[in-house]
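Visitor: Supplied in structure tokens, the structure appears directly below.
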Amino acid sequence: MTYKFNMATSDADDSLYPIAVLIDELRNEDVQLRLNSIKKLGTIALALGVERTRTELIPFLTDTIYDEDEVLLALAEQLGSFTPLVGGPEHVHCLLPPLESLATVEETVVRDKAVDSLRIIADQHSQSDLENYFVPLVKRLAGGDWFTSRTSACGLFSVCYKRVSTNVKAELRQNFRSLCADDTPMVRRAAAGKLGEFAKVVESDYLKSDLIQLFNMLAQDEQDSVRLLAVEASVSIASLLPSEDTEQLVMPTLRQAAEDKSWRVRYMVADKFTELQSAVGPEITKNDLVPAFQSLLKDCEAEVRAASAHKVKDFCQALSPDVREQIIMNNMLPCVKDLVADANQHVKSALASVIMGLSPILGKENTIEHLLPLFLTQLKDECPEVRLNIISNLDCVNEVIGIKQLSQSLLPAIVELAEDTKWRVRLAIIEYMPLLAGQLGVEFFDEKLNSLCMTWLVDHVYAIREAATLNLKKLVEKFGKDWAQQTVIPKVLQMSRDQNYLHRMTCLFCINLLAEPLGQDLTTRLMLPTIITMGSDPVANVRFNVAKTLQKLAPHLDQSSIQTQVKPLLEKLKADGDMDVQYYALEALEGLK
């Protein structure tokens with residue numbers, strides 16, 4: 001039988017009418033209307049008052065847990081913030097029945113959201129309510145017939161354990177142990193995922209006697225999806241134990257995980273490696289984690305090598321200072337050299353994103369001798385992402401070895417790429433140029449790279465010329481108007497007199513893009529006269545681009561220039577012998593009205 005509650009119009013004033021509509025919509029056949037109403041549950045509860053919310057609304061909601069998933073998801077989320085609306089912490093337990101039902105449904109996201117809300121309201125229970133209402137709910141879920149309820153139970157132990165009596169704690173530990181040994185892999189997976197969290201609230205003695213045993217059991221589970229979550233738990237467990245206990249109780253299992261037959265487990269070890277390093281301390285790192293890390297960097301699976309490569313800088317940085325350089329030079333660098341030439345581009349890219357960070361750790365001499373050759377190799381890699389990651393982090397190396405050494409070593413390679421016969425390689429370097437400019441500074445840029453940027457403007461490939469104009473705009477934004485006036489504008493305007501009409505067109509494209517960063521004064525004073533002159537160009541393509549440019553530039557020009565120079569030229573072009581020129585001149589004049 002469906003639970004009902006009413007809001008009779010006879011005893012409700014007109015201001016509550018919208019609430020009555022919302023309540024009716026909770027029962028509507030239209031999913032969207034039910035969803036809208038669920039999202040306004042707080043408003044309904046406020047209007048009903050705490051008494052009617054507890055005695056009518058909550059039972060009604062508990063009775064409607066057979067709905068569309070998105071409605072149930074919204075309900076699970078709303079109930080987490082419902083404590084004030086049912087009368088505060090002393091009545092919070094009345095929210096448990098609907099959330100318990102939601103924690104058993106088939107759809108995972110709904111269950112997860114219900115568990116999130118249960119975790120929130122657990123803190124709002126008094127100790128007696130926690131034992132009388134919340135813990136029995138956890139036990140019911142943990143002993144449920146369906147795996148869905150048992151997976152939900154796993155996330156609730158840690159939020160109630162600390163605040164219950166000794167006897168209840170023993171029962172909770174026993175329940176958790178049963179879930180770790182559950183027949184269903186999904187339940188063991190959920191338990192493994194929450195093991196680290198539970199370990200943080202369990203007393204030290206029970207951590208060693210109970211939870212370590214569960215950790216070792218889960219870490220040897222037949223399902224790799226369970227084993228990899230046990231690896232995650234090991235970080236929490238190791239951080240809670242003294243060093244000698246970690247060595248004895250956790251490390252044997254971790255060593256096994258680093259060599260697991262499933263690459264997904266090894267990937268998880270690689271992904272969590274620096275967290276493990278922090279948890280186990282310097283001594284265990286030196287003896288156990290260094291060889292394990294070398295092994296992961298040489299793994300047969302590219303995904304594992306990539307995950308390990310990402311951690312190289314952080315791992316080296318966190319090594320104990322007294323052994324750091326020795327370990328990097330003897331153990332890490334040989335692996336890194338192999339990875340630079342790896343067959344997989346994701347591995348090379350992962351390494352390239354962090355390898356420059358080794359420079360400050362190793363110092364100037366080691367960087368020049370050992371790292372620069374590797375940077376050069378990666379800078380010439382066929383994969384654009386590898387090159388980008390190296391160029392993006394040049395400032396790390398610049399700070400260690402100085403701009404002079406950097407320009408002697410790496411700049412020639414960048415220039416070589418900038419002049420590569422393959423236009424796509426040239427295009428890639430253009431896109432990095434503003435980044436490089438920012439890292440190297442204006443003086444160095446003008447001396448070494450400025451002429452390259454200007455050469456690209458007259459490249460025979462249109463895509464390069466287009467990218468070069470955009471590059472100029474970014475450089476002007478970075479270095480400012482004064483730099484543009486001295487360095488860029490004269491060269492751009494010079495192109496307006498080039499014999500090749502394509503270069504004259506590029507001049508117009510540059511002006512289009514530079515007007516905004518240069519501002520009204522410079523655009524009117526320096527650019528406009530050149531555009532006016534180009535209005536008499538012998539090539540029709542140039543003339544109609546003049547008309548288009550004038551329309552675009554109008555917002556960056558003062559009114560007197562528009563009246564005295566722009567409009568007369570457009571009137572002249574409107575009578576041009578070429579149809580396209582006429583069309584664009586007319587369109588520009590319309591735009592100026």
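The backbone N, Cα and C atoms fix where each Cβ goes, glycine too.
What TrEMBL records for 18-56, 95-133, 172-210, 211-249, 250-288, 289-326, 332-370, 371-409, 410-448, 488-526, 527-565 is repeat 'HEAT'.
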Visitor: Looking only at the repeat 'HEAT' (332-370), report the model's average pLDDT.
Guide: 87
Visitor: Quick test of the contact rule: Cβ under 8 Å, at least six residues beyond the ends. What residues does that give for the repeat 'HEAT' (488-526)?
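Guide: Beyond its ends, the repeat 'HEAT' (488-526) has Cβ neighbours at 454, 457-458, 465-466, 468-470, 472-473, 475-477, 481, 533-534, 537, 539, 541-542, 545-546, 549, 552-553, 556-558, 561.
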Visitor: What parts of the chain pack near the repeat 'HEAT' (172-210), using Cβ distances under 8 Å and only residues at least 6 beyond its ends?
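Guide: For the repeat 'HEAT' (172-210), the nonlocal Cβ contacts are 135, 138-139, 142-143, 147, 150-155, 157-158, 160-162, 164, 217-218, 221, 223, 225-227, 229-230, 232-237, 240-241, 245, 249.
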Visitor: Please give the sequence-distant neighbours of the repeat 'HEAT' (250-288): residues at least 6 beyond its ends with Cβ less than 8 Å from one of its Cβ atoms.
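Guide: Result: 212, 215-216, 219-220, 224-225, 227-232, 234-239, 241, 243, 295-296, 299-301, 303-304, 307-308, 311, 314-315, 318-320, 323, 327.
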Visitor: Grab the same-chain neighbours of the repeat 'HEAT' (371-409) for me: Cβ-Cβ under 8 Å, and only residues 6 or more beyond its ends, written as numbers and ranges.
Guide: 336-337, 340-341, 345, 348-349, 351-353, 355-360, 362-364, 416-417, 428-429, 432, 435-436, 439-441, 444, 448
